[in-house]
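What follows is a set of notes on a single structure, which appears directly below.
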Amino acid sequence: MVRYRKILAAAVAPAVLLALMVADMTAGTAEIATEDIISVLAGRDVPWQTRQIVLEIRTVRTISALLSGMAVGVCGLVMQTLFRNPLAGPHVLGINAGASLGAALFVLGTPFLSGGMALTADIGLAGAAWAGAAAAMMIVAFASSRLRDIMTVLILGIMFSAGVDAIVQTLQFLGDNASLKSYVLWTMGSLGSVSSSQLPLLAAGVCTGLLLAVLCVKSLDLLLLGEEYAVTMGLDVRRTRHLIYLSAILLSGTVTAFCGPIGFLGLAAPHIARMLAGTSMHRRLLPWTAFTGAVLMLVCDIISRLWTLPVNAVASLLGIPVMIWIVLKYRK
């Protein structure tokens with residue numbers, strides 16, 4: 001019975017994902033029928049305006065949602081395993097905080113430092129946010145190389161995030177109204193901000209991070225049983241940690257850079273995936289987590305487009321009940 005349930009779930013999953021992708025492409029201010037979207041993707045003749053909207057805007061946004069959801073979900077999974085903490089997520093190591101600091105320095109600090117010349121190009125903002133995320137992760141990774149207690153590293157990440165938030169608030173206070181508005185819009189999260197020229201960069205960063213996570217599948221299974229056991233089995237824990245940190249930089253850092261800080265999905269996706277996969281073995285759990293993250297992100301994007309809400313707000317509203325459920329579950 002369990003075997004048939006697994007086969008059924010594996011068969012239904014691609015259909016669910018495809019249906020959500022089509023629904024995401026149909027959502028928007030300009031009404032486009034599902035038949036027209038299928039015609040565009042199939043290369044049939046459709047009005048020029050429809051083709052441009054579908055290919056240049058909606059397809060890019062849907063692919064961005066797919067990649068971002070997979071990245072955030074898998075990033076949450078590997079960090080929950082590394083820290084052996086069900087409440088760990090992409091935000092705990094200060095990645096989102098570092099990205100926010102990079103964006104704040106670019107958007108809010110540029111006018112202050114350069115005499116009023118505001119540079120708010122998308123590629124510059126994304127580059128600054130990614131650099132901040134990478135710098136934050138390297139600081140925490142350096143600290144972890146000097147500390148044996150992984151929980152101490154977790155606490156340092158939270159403390160780092162608090163310190164960065166204070167710096168960002170100071171920059172917000174010093175920034176002008178136009179720059180402050182640009183930064184606030186970025187913090188709300190938006191999949192529509194990814195352009196067709198930026199999509200290859202997003203895809204490259206996410207796919208590389210996912211590949212690193214796949215390479216660590218066996219190591220993650222050993223870490224799940226404890227570092228002492230992993231060492232006795234011959235695992236180089238320090239090297240594995242660094243690979244996971246690098247994967248987290250590429251996954252969460254790249255998504256935060258291009259789409260803004262999107263929280264809670266990285267916390268919720270792994271727990272939902274565990275229920276679907278019925279196992280803690282990462283060989284099966286990792287694909288299910290990527291699928292769950294993509295589904296959640298597509299749902300958030302559809303809701304945000306139908307009601308014109310920030311993606312980050314929708315993700316938080318969906319993630320908070322899951323977080324409460326996790327706390328109650330592990331309390332018992």
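Each residue, glycine too, has its Cβ placed from N, Cα and C.
Automatic, uncurated: that is what TrEMBL annotation is.
Listed features, source TrEMBL:
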type	residues	note
SIGNAL	1-29	signal peptide
TRANSMEM	63-83	transmembrane segment
TRANSMEM	95-117	transmembrane segment
TRANSMEM	123-143	transmembrane segment
TRANSMEM	150-172	transmembrane segment
TRANSMEM	201-224	transmembrane segment
TRANSMEM	244-273	transmembrane segment
TRANSMEM	310-328	transmembrane segment
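Listed stretches 63-83, 201-224, 244-273 were compared with the transmembrane segment (123-143); the greatest number of C-beta pairs under 8 angstroms is found for 244-273. Tertiary proximity for the transmembrane segment (201-224) is limited to same-chain residues at least six positions away from its ends with a CB under 8 Å from its CB atoms, namely 63-64, 67-68, 70-71, 74-75, 77-78, 81-82, 84, 126, 130, 194, 230, 233, 235, 237, 240, 243-244, 246-251, 253-255, 258, 280-283, 286, 290. Beyond the ends of the transmembrane segment (63-83), by six or more residues, the same chain brings 17, 21, 24, 89-90, 92-93, 150-151, 154, 191, 194, 199, 202-203, 206, 209-210, 213, 216, 220, 223-224, 241, 244, 247-248, 251-252, 254-255, 258-259, 262, 265-270, 273, 282, 285-286, 289-298, 300-301 to within a C-beta distance below 8 angstroms of the stretch.
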